[in-house]
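Here is the structure we will look at, set down as structure tokens.
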Amino acid sequence: MSRSLQLQISILHFFSLSKEDVFAVLPAVETQLVWLVDLDMRIDAVKQCGYTHPCKAICFALTTQHLYHFLQTSSCRLSLFVAKMSSNRITDEAVAGAWSSRRHADNTPYVHKVGVPPKQSLFKELKFTFNETFFHDDPLRPFKDQSKSRKLMLGIQAVFPILEWGRRYKLSMFKGDLIAGLTIASLCIPQDIAYAKLANIDPQFGLYSSFVPPLVYALMGSSRDIAIGPVAVVSLLLGSLLQEEIDPKNKYEYQRLAFTATFFAGATQFLLGFFRLGFLIDFLSHAAIVGFMAGAAITISLQQLKGLLGIKKFTKKSDIVSVMRSVWTNVNHGWNWQTIMIGVTFLVFLLVTKYIVNHIERGINPPSLNEIHFTGSYMMKGLKIGVVAGMVALTEAVAIGRTFAAMKDYHLDGNKEMVALGTMNIVGSMTSCYVATGSFSRSAVNYMAGCNTAVSNIVMSCVVLLTLEVITPLFKYTPSAILASIIISAVVGLFDYEAMILIWKIDKFDFLACMGAFFGVVFISVEMGLLIAVGCHIFRQDSSPSDTAKNCSTWILRLLNDEEEQLKENSQPRIQYLIVELSPVTDIDTSGIHALEDLYKSLQKRDIKLVLANPGQVVLDKLHASDFANTVGDDKIFLTVGDAVMTLAPKMEP
């Protein structure tokens, strides 16, 4: 064995110790490697004790079985072992016995003895479960040991993050935000007009929804990259649900119900964030979202055949059978060949280069608070539609925000995002907007254009304002065929066939969920496809613990942040490897693999290598099928934690 592994180690075996107990023992430890085994308390409580000993590495929460295996396969000398306690307190006899074992560790064979942990009361178990479910990120931690004035300022900054990052904003950052804002504005204006058509409302309402909501989000949102506005899927879903209740020809009542649904969509999002219920959006797995989006892309494209072919009498249903029947029954007399030529030519131009019909009212958003139904039957209909549309919009926005946050390695608070999105839709419903959310296409353009902060959303809003005040008459004679072409070109990217192939390779049940959502949207309705997607995910959750990696990745990064801060304060060597012990993970789906990929990318930016230990056969097969095993590297996957430590310790930088 390498000379560098000839270390003395200390094993602290704690059962429900208070932080005072830990504080009493840790300063006496003089060895280089400390293992904290079966630690039944919050890690941050241990960190508050302070490390005054010269240890080089501290490992938390390993089980005694893994530690025993490590001791058997290494030549490290045992120096301190504390295992016996009385009334959850370390006794003087236990400490004395530990020091005695230290003096004779080299001559006495080690026999591991497992103590009986104290039985937890029902209240403590419920308290622990409640905290881990709703307050796992310890949101009140920044407020500890702060003055009242400082707490007030932190509270205001928590609600309005712009007050925090705005103080650090520099003029050099504005160039990237300005270019990004102008770019996404040029993309959003034609899209907003087209998406309003999907929702069966006048085009100016699409522009309204890219003016007020982005301004509210810039004040309250924490994502630097997400671009706010109407999106195709939510517009289609909203239009589909609204026309089941009111004929779009009854324009005034239809718009009132749209504003009512938008208000309740915002209220749903706000309440989910305020009460920290963000975990509910996980009822849509990655596979289900892929299938739902692909089905929506097909449905949206089929709906545009009315404008593309110049058909006047067209079905109001969204399923493929009804749409195709409506298309072919009009083939002899309903198709307009001049319209087809214009539409197809413009569509080809949009698809290759990648680079409107009714009068658009000039002016900014008129108030619409008095048009929202707060009583009566329409209120309940708006509530039902709003909850569904709000959840779908929320799922898309949070997924987009997390994607770009992982790419730029910054933290995104999901619950704060929900509050921000909810507030902007509540305000939007009062200013003639319909449901707005994060747009993936616009956010991707925003990211590639070099945005630095949410100021790019403010720039986009200013351009939309200018459009509403000055340029709207130019859109008066835009043909329907061109609007249809814009919509089709925008939703083509939603059909992610590569993701479907990968899901098939990784998990066949996930693929069934994906196809269930896809065919549910295409052959029945958008809401049925959504219901199938949620149902498949709930069934999978009941039958297999497939989201373990997904749920743990956030906790790992949080723990890593705390540990790095502690090491920096004590001038200790930085963390170079993160070993993830996978024996509790019996299965993993595409959502879990995506969580591991995000963890890997975050660690790469910190110059920390991800190491996997003891993956089961099923998990290992899926890691190879997804090519994630090759990404990590075969030399970073080990049978046991002990093997990983023995192999990697000699490679660590001093």
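Cβ atoms are placed via backbone N, Cα and C, with glycine included.
What TrEMBL lists as domain 'STAS' is 556-648. Annotation source TrEMBL lists transmembrane segment at 254-275, 287-305, 335-357, 385-406, 418-437, 449-471, 477-497, 509-534.
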Helix, strand and coil totals (DSSP H, G, I; E, B; other) for the domain 'STAS' (556-648): 55 helix, 12 strand, 26 coil
The transmembrane segment (254-275) touching the transmembrane segment (385-406) per 3+ Cβ pairs under 8 Å rule: yes
Feature contact check the transmembrane segment (287-305) with the transmembrane segment (509-534), CB under 8 Å, 3 or more pairs: yes
Same-chain residues near the transmembrane segment (254-275), Cβ under 8 Å, at least 6 residues beyond its ends: 134, 199-202, 205, 238, 241-243, 245-248, 281, 368, 371-373, 378-379, 381-383, 385-387, 389-391, 393-394, 414-430, 432-435
